[in-house]
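Accompanying notes for the structure given below.
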Amino acid sequence: MALLHSGRVLSGVASAFHPGLAAAASARASSWWAHVEMGPPDPILGVTEAFKRDTNSKKMNLGVGAYRDDNGKPYVLPSVRKAEAQIAAKNLDKEYLPIGGLAEFCKASAELALGENNEVLKSGRYVTVQTISGTGALRIGANFLQRFFKFSRDVFLPKPSWGNHTPIFRDAGMQLHSYRYYDPKTCGFDFTGALEDISKIPAQSVILLHACAHNPTGVDPRPEQWKEMATLVKKNNLFAFFDMAYQGFASGDGNKDAWAVRHFIEQGINVCLCQSYAKNMGLYGERVGAFTVVCKDAEEAKRVESQLKILIRPMYSNPPVNGARIASTILTSPDLRQQWLQEVKGMADRIISMRTQLVSNLKKEGSSHNWQHIVDQIGMFCFTGIKPEQVERLTKEFSIYMTKDGRISVAGVTSGNVGYLAHAIHQVTK
């Protein structure tokens with residue numbers, strides 16, 4: 001009270017001698033942002049924060065979207081370390097990159113995605129720009145659609161899709177819709193529902209497709225299903241917008257993972273494509289990605305490139321150099337590229353092995369449920385089919401953290417904790 005009283009006295013004295021001070025204090029106390037509400041927490045980051053606070057030695061974080069080794073530790077690829085050493089030895093400068101990014105990186109990215117002998121590359125009827133990882137590629141693509149896709153503002157996403165797809169396209173001014181994709185009854189691909197919904201999409205709309213390792217379900221169409229989807233997309237004159245964040249990381253074979261993209265192009269469908277090197281090179285914090293537009297001819301590609309640069313310039317001017325140099329060094333050095341391909345396969349194989357071990361351990365626990373979908377799904381993520389109330393029990397009783405929809409990151413499962421996970425899942429689902 002004494003302090004409060006003295007504060008009032010001092011304030012009064014200051015006002016008496018300096019009337020302007022009171023007005024200044026009042027001005028400082030007012031706010032421009034009183035109307036701004038607290039935003040909701042990110043669901044995945046919220047899982048990580050809760051995990052960090054848990055003191056249980058057996059705790060598991062199955063929400064994180066980053067690869068972990070079999071000890072549960074972050075993994076830097078040896079090929080990345082070698083590339084970094086080679087770059088450091090060159091003593092390169094830190095000058096700005098061009099607006100479109102590192103030229104050799106862009107060329108190598110297009111070759112990785114489309115195949116080195118692809119007709120599109122030989123004819124030059126494409127443009128690839130370096131972006132700030134996959135998210136940046138999506139945003140550049142969304143903004144390009146908003147400005148130049150004059151036919152429609154409608155973008156159709158698979159249901160469900162990566163959570164960031166909606167705000168990226170919505171904030172770029174596009175209208176979001178969905179088509180059936182995941183079947184919760186089978187924990188697999190709703191092929192019939194997808195075809196039915198795609199057939200009803202208005203002509204000249206945009207359809208977003210996950211090239212491989214669908215996030216969050218881990219459910220991918222088979223090649224024969226992709227063929228039917230491509231036929232329908234072409235027949236209905238839809239624009240195919242591919243998101244490929246996991247090339248090589250899904251099956252362990254980069255060509256296999258890019259099959260859908262290449263098939264669509266072979267069928268005469270001019271697509272656009274987003275790439276990320278976060279997962280398949282472990283360059284999460286380097287933010288390395290690319291955005292490619294396949295065009296009618298080389299002249300059209302030049303015009304599209306000029307407008308992509310105009311979009312990029314006020315957004316971030318030009319992309320960062322370090323990650324692009326790492327990726328480019330790996331992709332353009334035959335020995336490093338071969339080593340990297342083996343390392344990517346090793347990461348993919350570990351995740352596939354963890355899926356198999358989890359199902360095997362569930363059977364050992366005596367689970368009567370059919371867990372085949374865990375093995376059938378592909379990539380980092382798995383839609384387990386576990387219900388929200390069961391997820392809550394896993395967290396409270398076993399310190400196992402995941403998103404409420406039952407999605408787990410298989411990268412967080414190791415040979416040391418897979419048995420514990422299987423036991424916990426059995427306990428809450430029996």
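Backbone N, Cα and C atoms are what each Cβ position is placed from, and that goes for glycine too.
The substrate binding site annotation in Swiss-Prot covers G65, W162, N215, R407, and the record cites similarity to another entry as its basis. Its Cβ taken as reference, G65 (substrate binding site) is surrounded by 18 other Cβ atoms within 10 Å in the chains shown.
DSSP classifies T48 (phosphothreonine) as helix under the three-state reduction. Per Swiss-Prot, phosphothreonine is recorded for T48.
Taken from Swiss-Prot, the feature N6-acetyllysine applies to K73 (among others), supported by similarity to another entry. Within 10 Å of the Cβ of K73 (N6-acetyllysine) there are 9 other Cβ atoms, across all protein chains.
Positions annotated as N6-succinyllysine by Swiss-Prot, on the basis of similarity to another entry: K90 (among others). In this chain, none of the residues that are 6 or more apart from K90 (N6-succinyllysine) has a CB less than 8 Å from its CB. K90 (N6-succinyllysine) carries neither a helix nor a strand DSSP state and counts as coil.
Under the three-state DSSP scheme, Y96 (3'-nitrotyrosine) falls in the coil class. The local packing around Y96 (3'-nitrotyrosine), expressed as other Cβ atoms within 10 Å of its Cβ over all shown chains, amounts to 10. Annotation source Swiss-Prot lists 3'-nitrotyrosine at Y96, citing similarity to another entry.
Taken from Swiss-Prot, the feature N6-acetyllysine applies to K107 (among others). K107 (N6-acetyllysine) falls within a helical segment according to DSSP. All chains included, 15 other C-beta atoms sit within 10 angstroms of the C-beta of K107 (N6-acetyllysine).
Annotation comment: Swiss-Prot describes K107 (among others) as N6-succinyllysine, evidence class similarity to another entry.
What Swiss-Prot records for K122 (among others) is N6-acetyllysine, and it gives similarity to another entry as the kind of evidence. Within the same chain, no residue at least 6 positions away from K122 (N6-acetyllysine) has a Cβ under 8 Å from its Cβ.
In the three-state DSSP scheme, K279 (N6-(pyridoxal phosphate)lysine) is classed as coil. Here the Cβ of K279 (N6-(pyridoxal phosphate)lysine) has 25 other Cβ atoms within 10 Å, regardless of which shown protein chain they belong to. Residues or ranges marked as N6-(pyridoxal phosphate)lysine by Swiss-Prot: K279.
Positions annotated as N6-acetyllysine by Swiss-Prot, on the basis of similarity to another entry: K279 (among others).
Marked as N6-succinyllysine by Swiss-Prot: K363 (among others). Close to K363 (N6-succinyllysine) in the fold, though at least 6 residues off in sequence, lie W371, each with a CB less than 8 Å from its CB.
Taken from Swiss-Prot, the feature N6-acetyllysine applies to K387 (among others). K387 (N6-acetyllysine) falls outside any helix or strand according to DSSP and counts as coil.
Residues annotated as N6-succinyllysine in Swiss-Prot: K396 (among others). Same-chain residues at least 6 positions away in sequence with a Cβ under 8 Å from that of K396 (N6-succinyllysine) are not found in this chain.
Look at Swiss-Prot and you will find 1-29 tagged as transit peptide, backed by experimental evidence.
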K279 (N6-(pyridoxal phosphate)lysine) versus N215 (substrate binding site) - Cα distance in angstrom: 12
Secondary structure at K122 (N6-acetyllysine), reduced by DSSP to three states: helix
Substrate site shell beyond G65, W162, N215, R407, criterion: Cβ within 8 Å of Cβ centroid: G163, P216, M380, F381
Those recorded positions listed as K387, R407, and which of them has the most Cβ atoms within 10 Å of its own Cβ: R407
Alpha-carbon distance [G65 (substrate binding site); T48 (phosphothreonine)] in Å: 11
Candidate with the highest Cβ count within 10 Å, taken from the recorded positions T48, N215: N215
Cα-Cα distance maximum in Å, computed over every pair in G65, W162, N215, R407 that the record assigns to substrate: 12
